[in-house]
């Protein structure tokens, strides 16, 4: 019994499948080898996304609507593909090997993209700032490079953060406390990479060359991968315990539909479930019955059919995912608001006075660094001051509940888009005052007028983005936490696709009959303030839906018990009883 205590209690193993010593593996020491990759990957992504709309319009001669749509579609693909990567990891080869294969694809995409903007035959030629029209080959190679990166991101995004969280033993009280801070500091390293991208890479791209601007994060990624593999002896790995997640999840609603005419038994013990010894011997997690979504209980009704019904545990896993889907749906509009940072906010900035002194001009995309700066300043304050203060008030280890954190973030985002609309109204007044009509004319209004909307989105993301990542990891069933994390990534992806759809529809509707488009090529003769106002209205409606969904949500609660041979977690659901519970 004494010897068993030196090993991790949550069943994690090394790369060869052997139990690992708790004192020599995992925790922050193991995570230190992962943080470098996250910083460089974020640098690469934001180094592309922050300024891509400018490259598409100035080098590939795309119009405003097309460039915004293409940026959104690519960003959406980057955030959607993790669904496939997470499924492969949870069902087949695990997080480590999925990340390994995908990271190589990601680096390949970065190398191709660097070639696309560097090799003479692969890029459009430019003289005195004016670029020739790109050939079909050049455009195709550029987009193949972008979407190769998106495929690579599919296996890295959902697995690197969850692999980091796996380094903390959920059966150890001390390590469980450390995990509470993990996602805050994980995102902090991510913000550092994004800050360098928006401050440094964007300037390098516009002033020293796009090839250098893309080449730096490519080299950084290669170095960070070497560091990642140096840390291999210190890593803990979760054992794959689910054979076919998709089959299991589809089976429950089908079985419930087949048994729809049968009454649910009042005594839940009459529902089909395997003996608890089965779960202990296999290391799988047993989930106790809950009263939510009772119609799915019919999948576990014992019938005279030869086919065995679904177990209560399998039904409860399906219930939990259904609950997560309701929360996920109301995160799409907030993700749409964030999509403005790399698209319309940047185009808005290009029309303003960006000069500092007589020799330096701020790249419009660099203002995105203030999103990151406000996040970098807010994360330590949140983790070191806000959480301990609220912990004393509420008794909740996190200070506030996960859904309260999301609600605060969503509210701050609404304020941010309202400020963006007000600033745009100011810009339109200046345009009218100085009789500006040409798209090339600079509006005599300092670009730092946009600073509040960027900063507010950054502060909101400390509550929103980090909260979403932690919420979907924490509330997902144990055997599918990589797949659960893709609720976070896919929400951002669909938010980008939704923004692409909205700008296209708004442009078509407002320009009908010779009308003036709200989002035209000439932003000095458009009405972005109307579009921002529209986003604000649908965000307020969405906030109401979020509050309703949050009030119905029942949190997962883990009851950890010591048994002979290690730790067994019995997953249940419990309403969070802290004050102001959402």
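The backbone N, Cα and C atoms fix where each Cβ goes, glycine too.
Those TrEMBL annotations? Automatic predictions, nothing curated.
Panel annotation: around the transmembrane segment (96-117), residues 15, 37, 41, 44, 48, 55, 85, 88-89, 123, 138, 141-142, 144-156, 159-160, 163, 209-211, 214-215, 217-218, 221-222, 225, 228, 235, 237, 482 of the same chain, lying at least six beyond its termini, place a Cβ under 8 Å from a Cβ of the stretch. The annotation transmembrane segment is assigned in TrEMBL to 96-117 (among others).
Taken from TrEMBL, the feature transmembrane segment covers 137-155 (among others).
Beyond the ends of the transmembrane segment (182-204), by six or more residues, the same chain brings 31, 35-36, 38-47, 50-51, 161, 164-165, 168, 212-213, 216-217, 363, 365-369, 371-373, 375-376, 379-380, 382-383, 465-466, 469-470, 473 to within a C-beta distance below 8 angstroms of the stretch. The transmembrane segment annotation in TrEMBL covers 182-204 (among others).
The transmembrane segment annotation in TrEMBL covers 210-231 (among others). Taking Cβ pairs closer than 8 Å, the transmembrane segment (210-231) reaches residues 30, 32-34, 36-37, 39-41, 43-44, 47-48, 51, 55, 59, 103, 106-107, 110-111, 113-114, 117-118, 197, 201-202, 204 in its own chain, all 6 or more past its ends.
Under the heading transmembrane segment, TrEMBL lists 321-340 (among others). Long-range Cβ contacts of the transmembrane segment (321-340) within its own chain (Cβ-Cβ under 8 Å, at least 6 residues beyond either end) map to 72, 75, 249, 292-293, 296, 403, 406, 409-410, 413, 416-417, 420, 457, 461, 464, 468, 471-472, 475-477, 484, 487, 490-496, 498-499, 502, 532, 535, 538-539, 542, 545-546, 549-550, 552-554.
Sequence annotations record features per position, and here TrEMBL assigns transmembrane segment to 360-382 (among others).
The transmembrane segment feature in TrEMBL is assigned to 402-423 (among others).
Beyond the transmembrane segment (454-473), the same-chain residues lying 6 or more positions past its ends with a Cβ under 8 Å from any Cβ of the stretch are 161-162, 165, 183-184, 186-187, 324, 327-328, 331, 334, 337-338, 341, 345, 367-368, 370-375, 378-379, 382, 402-403, 405-406, 408-413, 415-416, 419, 481, 484-488, 491. Annotated transmembrane segment per TrEMBL: 454-473 (among others), in sequence order.
The transmembrane segment annotation in TrEMBL covers 485-506 (among others).
According to TrEMBL, the transmembrane segment annotation covers 530-550 (among others).
If you count C-beta pairs under 8 angstroms between the transmembrane segment (402-423) and each of 137-155, 485-506, 530-550, the highest count goes to 530-550.
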